[in-house]
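Database features (TrEMBL):
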DOMAIN    7-383  domain 'Major facilitator superfamily (MFS) profile'
TRANSMEM  43-61  transmembrane segment
TRANSMEM  73-90  transmembrane segment
TRANSMEM  102-120  transmembrane segment
TRANSMEM  132-153  transmembrane segment
TRANSMEM  159-181  transmembrane segment
TRANSMEM  202-224  transmembrane segment
TRANSMEM  244-264  transmembrane segment
TRANSMEM  271-288  transmembrane segment
TRANSMEM  294-315  transmembrane segment
TRANSMEM  327-347  transmembrane segment
TRANSMEM  359-381  transmembrane segment
């Protein structure tokens with residue numbers, strides 16, 4: 001196997017631990033709500049808390065890496081994720097638990113921004129849409145694993161056990177990245193380089209709009225994966241079966257997301273594939289509380305959800321030059337994290353005011369409409385680059 005594909009597998013597996021950590025809150029939501037007396041809105045804010053630091057550190061993270069090196073900052077991020085999980089495993093007060101969630105989020109954000117840049121460094125001139133969607137599929141894969149494993153662990157050992165297992169997985173990822181990652185020969189050295197490559201004009205606008213659409217899509221997907229188990233438990237499922245059912249959505253997204261990447265590269269019509277995929281995903285969100293909670297239904301919703309992934313995540317690569325990637329991806333993720341931090345909480349608040357968790361999915365479908373509008377703004381900007 002060629003080195004660039006082996007590196008992609010490593011990055012995929014390491015990033016899976018971030019998704020695993022993020023999804024733990026949704027997977028054990030009912031148990032966590034009982035432990036800390038959280039309502040639907042409170043659970044939504046805890047979900048979004050993981051990405052709240054990204055609003056202020058995603059852009060500096062890209063700049064910091066130009067001084068200290070991508071690999072060092074990623075390792076530091078993984079160390080913060082490990083420490084955050086360990087603190088949450090100790091079942092502290094809600095305020096300390098929230099602070100640990102923030103700490104883990106800071107680490108995950110640093111790692112995520114820079115790992116995306118590493119994929120661009122390795123694949124900028126070859127199969128970028130396919131490579132990016134494989135990398136991004138580490139997110140639904142990690143979430144799917146978390147939604148299967150963590151509810152079962154919570155049923156066996158309460159709140160502490162899922163976070164203890166999470167700590168071990170992230171620590172293993174840290175060691176693996178340290179031992180096996182290599183920089184591509186064509187990548188510019190980052191350590192000690194001044195952060196001067198700031199996107200300007202149409203490039204800046206395109207990156208910001210792309211970050212909004214990507215953030216809106218992921219916040220809507222998070223609503224499905226985080227509130228889905230609670231919704232199914234309210235409809236009579238056990239916590240373990242609800243987690244398994246929603247994990248089917250996540251695993252199916254892995255398959256259809258990869259197909260979307262192949263289709264984008266194959267057809268050469270990324271805008272058409274992207275807009276069709278977003279429309280189908282919005283429909284899936286609207287239908288979720290209205291269809292029978294059967295496993296085949298969950299698989300069908302997953303099939304409708306993964307198609308736009310490749311088109312969205314490859315948008316920055318269409319406008320950023322190599323020297324703009326660190327800062328450009330920092331800007332992209334700043335907007336993304338703002339959406340991801342705010343929208344799940346708003347969805348939970350909307351559901352709380354409506355008196356049913358099902359309203360969160362209607363809110364998420366509306367957010368997808370905003371993501372589609374963002375793509376329509378991006379397209380003319382990208383043509384001016």
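Glycine residues also receive a Cβ, built from the backbone N, Cα and C atoms like all the rest.
TrEMBL entries are annotated by machine, without manual review.
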Other same-chain positions with a Cβ less than 8 Å from the transmembrane segment (202-224) and lying at least 6 residues past its termini are 26, 47, 139-140, 246, 249, 253, 278, 281-282, 285, 288, 301, 305, 308-309, 312-313, 315-316, 318-320, 324, 328, 331-340, 342-344, 347, 360-361, 363-365, 367-368, 370-372, 374-375, 377-378, 381-382, 384-385
Among 73-90, 102-120, 244-264, 271-288, 327-347, the most Cβ pairs under 8 Å with the transmembrane segment (159-181) come from 73-90
Highest Cβ pair tally under 8 Å against the transmembrane segment (244-264), stretches 102-120, 294-315, 359-381, lands on 294-315
